[in-house]
Amino acid sequence: MEANAGSTLAPVNYSDDNVAKPLENQPVNFYSLTLEDLKAYIKSKGKEQFRAQQIFKWVYEQRVTDPEQMTNLSKEFRQDLPSMLSFDLPPVLQHLKSVDGTQKFLFDMKDGMSVEAVVIPSEDRLTLCISSEVGCNMACKFCFTGKQKLKRRLRTEDIVGQFMQVHDRLAEGQRITNIVFMGMGEPLDNPEAVFKTIDVIHSPWGINLSRKKITVSTSGIVPEMWRVADAKVRLAVSLNGPNDEIRSQVMPINKRWDTKALLEACKEHYRVSKDKITFEYVLLKGITDQLEHARQLVKLVKDVPCKINIIPFNEHPGSGYERPDDDTIQAFHTELMNLGAHVLLRRSMGRDIFAACGQLTTVKERPQTMDISNSRLAGLPKYKRELLAAQEAEQNNQH
């Protein structure tokens, strides 16, 4: 799909801060490179280009990064490789496991920054929810990450590195089957690194994951949405409001690209890709959860082949929003189904370790050390006890 400079889908120009820029005569991070990048780099060093496929296979298929173990490389090349390439990965600062099987990883970006990624299990898949930025510029009101201003966009090696570190910590027999760019940050605010990462993830010489198993989620950066169809991956859109008034209230991006522009881009995506769009809709008590909102939502998206994921709000310290009660959630779900919508009520996974949708942040969480024995909290659901304990800890840290 090519961008038309006169359409709403024309691309935005970004300064390329996503490519590794090593000091002169310093090795390049291997995970910053696609196969074609590595071929060109090796050629520039006077080496045979076919060595790139060999190295990719060693690293991504065999998980070997020690040049001395890459036995089909010449001795001379193995000796030269450490001066050409580094295989550094972002260290794992914290690895938490939920009672429901969800796992959360906190990564050190080595510059004082950190990001999180989440592994979500289900019957037939194991999904990695991956981050694309430290913080986020979108400032969605209900999102914990949105409270943090964008600190920096992740580079390709930062994103690929999340996958590699998670993969190497999975239980025997487990493997990542799906990847969703739904972690910290707005993927289409960092398109160069995100779509370069997708090239590595999809490459048969790389991670070798089908493009149909990769989903890019956006809050609605309309001029960049053409890239998702161009990459032949799936599109998810954070809608979260049944009309412009409510969506603008909870998602400031709607003031720049309203629902009309957003849905036109969605229709264009379907025209090119023939893939249904997934609309994500967070239920906020008293704001987006009424039956009239359900009716408005169905009317809003009626011309876009789609499915709707309903996500009951996951509370976090200082959010100012509440999760609707179960009866309200079920009534909203039923109303959508009665109106003929293809709808899924998403189960919130990992709430006890603050790994659910909208709860990711850049600091170590406290669930391992939270004191929830206080009798005042004892009668509450576990996730609510931990939320209140986290809020108290946050307040104590501010004093």
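Numbers run from 1 along the shown chain.
Quick reminder: no glycine exception, Cβ is built from N, Cα and C everywhere.
Here is what Swiss-Prot records for this protein:
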ACT_SITE  C357  active site, S-methylcysteine intermediate
BINDING   C136, C140, C143  [4Fe-4S] cluster binding site
BINDING   G185, E186, S217, S238, L239, N240, N314  S-adenosyl-L-methionine binding site
DISULFID  C129-C357  disulfide bond
DOMAIN    122-352  domain 'Radical SAM core'
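All features noted in Swiss-Prot, drawn onto the structure.
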residue : record                               : DSSP class
C136    : [4Fe-4S] cluster binding site        : coil
C143    : [4Fe-4S] cluster binding site        : coil
G185    : S-adenosyl-L-methionine binding site : coil
S217    : S-adenosyl-L-methionine binding site : strand
S238    : S-adenosyl-L-methionine binding site : strand
N314    : S-adenosyl-L-methionine binding site : coil
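In three-state terms derived from DSSP, C129 (disulfide bond) belongs to an extended strand segment.
Of all the recorded positions given, namely C129, C136, C143, those whose Cα is no farther than the 10 Å limit from the Cα of E186 (S-adenosyl-L-methionine binding site) are C136. Each of the binding-site residues S217, N314 was ranked by the number of other C-beta atoms within 10 Å, and first place falls to N314. Here the candidates are the recorded positions C129, C136, C140, C143. The one whose C-alpha lies nearest to that of G185 (S-adenosyl-L-methionine binding site) is C136. Listed recorded positions near C143 ([4Fe-4S] cluster binding site): N314 (candidates C129, S217, N314; Cα-Cα distance within 10 Å).
Long-range neighbours of C129 (disulfide bond) (same chain, six or more residues apart, CB within less than 8 Å of its CB): A117, V118, V119, I120, V180, M182, G183.
Taking the Cα atom of each, N314 (S-adenosyl-L-methionine binding site) and C140 ([4Fe-4S] cluster binding site) are about 14 angstrom apart. A gap of 10 Å separates the Cα atoms of N240 (S-adenosyl-L-methionine binding site) and C140 ([4Fe-4S] cluster binding site). Fewest Cβ neighbours within 10 Å among the binding-site residues C136, C140: that distinction goes to C140. The maximal spread of the S-adenosyl-L-methionine binding site, taken as the longest Cα to Cα distance among G185, E186, S217, S238, L239, N240, N314, is 19 Å. Reported as a whole number, the C-alpha separation between S217 (S-adenosyl-L-methionine binding site) and C136 ([4Fe-4S] cluster binding site) equals 14 Å. Summarised as a single figure, the pLDDT of the domain 'Radical SAM core' (122-352) averages 94.
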